[in-house]
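So that we are looking at the same thing, I have put the structure below in structure tokens.
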């Protein structure tokens, strides 16, 4: 279940996720980690730490102009998630509605090897950061990343003793008021919890990405709950030295007890939010001792979108045998999947539903369908209507037809042209085609035939179905001519601005001795039409087998 639609509204990846194909074409170091399947779809193995690191470094380079190095044995941050946190801090300090020239100061508790929060905050907003770190490897990489991006004037990386949070870090800068602090605390209390042995619901699927964090980055005594409580206790001493204290949580169950702790301590302002990105969800908590600060609006309740199930029907083995018997004698008998797929292609061609073969896995056939008009509903009724309308077509009187003998044709037409100025009369087959079928033209027939001709033509125009008025032996050609001459619109939905009714992928696959047909909706609002087409295809396959 992808959560990108619920990202922070200012997150650049909300509506435009990273284009792996483009990034691979531009960055060779990223290209070596990209996989391309038979359908041409580009993907990345998020369980490979080298691939995750390549993606993070490539996104920072492409979208923010930042060059960083991250060791594989330390935490590799994902850019969209960190960007969500930065944007929420902007909301907390009312950054976009205030004087942007004023210097904003922040603290990043446990900045990590990437130093990603200070790098993003300084690059996007020009914020000043005090970044603390307890791990030697992370500290050295963080300093290097700041220096190679020429941000030493805005970011100060400080090595602090173990278990140092805010109090010891601010001893040397006792006069400075900071606007905020950020923290991505260690989520787990022990190794078993970090591996998901005793903390993860057994019904949940395993994580989709790899965890490369070091011991100090992913584990702390008491887990994230106790870690954040220590920050709360530091804030009770520092109080208004910081306008906002904040932290990000990896477990929803940590949020309620921490909010209760803040309530018990009498903290006046508390805010929380949720971060969505990819298949990952995080929670954030912030509190302030300033009465005048404005709390951002809480996140809206997110409606979970249930995945749409495909429309499915099964072609039984007995039906497949009947279809095989219909094949011409002596022809090669195809596989059951191919046989059913060929039947479906013929049905779609007869319906004029656009379709093309798309790459798929073994023992499977896939078609991409684009339906631009509803050509499968009420087909039998349409045939009856055409037959009825053929019987109602006006015919010229017998005396008029007899007067059009070949010997007298030229003389008769010239006399009519001289006397009345009317155009020459033509044969019946010509009078039914082209202009007369679209617009009643009474001057080419005697007055006695005019009422009979105009009445059915008005009915045709009111129904907008002139292509249904045709002879049995010329039905197809006449219908096409009439569509061209009358300029009839297609059956696509009017006023919607969409040139199609729906798009879907049709899969034909083996299921034991039967064949399974699935239709997956790709685009289009009306699933009823797709359901109608699915039912029609199923019924036609049965008719082909039993006819």
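Each Cβ is built from the backbone N, Cα and C atoms, and glycine gets one as well.
It should be emphasised that the depicted structure is a prediction, and the values quoted were computed from it without experimental measurement.
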Which single residue out of 82, 241 does Swiss-Prot record at the S-adenosyl-L-methionine site shared with 110, 114, 133, 164, 184?
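My reading of Swiss-Prot gives 82 as the candidate in that site.
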Labelled region 'RNA-binding' by Swiss-Prot, one stretch among 245-249, 250-254, 255-259. Can you tell me which?
250-254
Kindly point out the range from 163-167, 168-172, 173-177 that Swiss-Prot annotates with region 'K-loop'.
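Within the set 163-167, 168-172, 173-177, Swiss-Prot attaches region 'K-loop' to 163-167.
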Between all pairs in 82, 110, 114, 133, 164, 184 (listed as S-adenosyl-L-methionine binders), what's the biggest Cα distance, rounded to the nearest Å?
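Largest pairwise Cα separation, rounded: 23 Å.
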I need the most crowded of these binding-site residues: 114, 164, 184. Count other C-beta atoms within 10 angstroms of each C-beta and give me the top one.
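Ranked by Cβ atoms within 10 Å, first place goes to 114.
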Among 17-20, 163-167, 289-398, point out the range having the most Cβ pairs under 8 angstroms from the region 'VCR 2' (500-547).
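Answer, by Cβ pair count: 289-398.
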Test of understanding: give the count of other CB atoms lying within 10 angstroms of the CB of residue 82 (S-adenosyl-L-methionine binding site).
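Residue 82 (S-adenosyl-L-methionine binding site): 23 neighbouring Cβ atoms within 10 Å.
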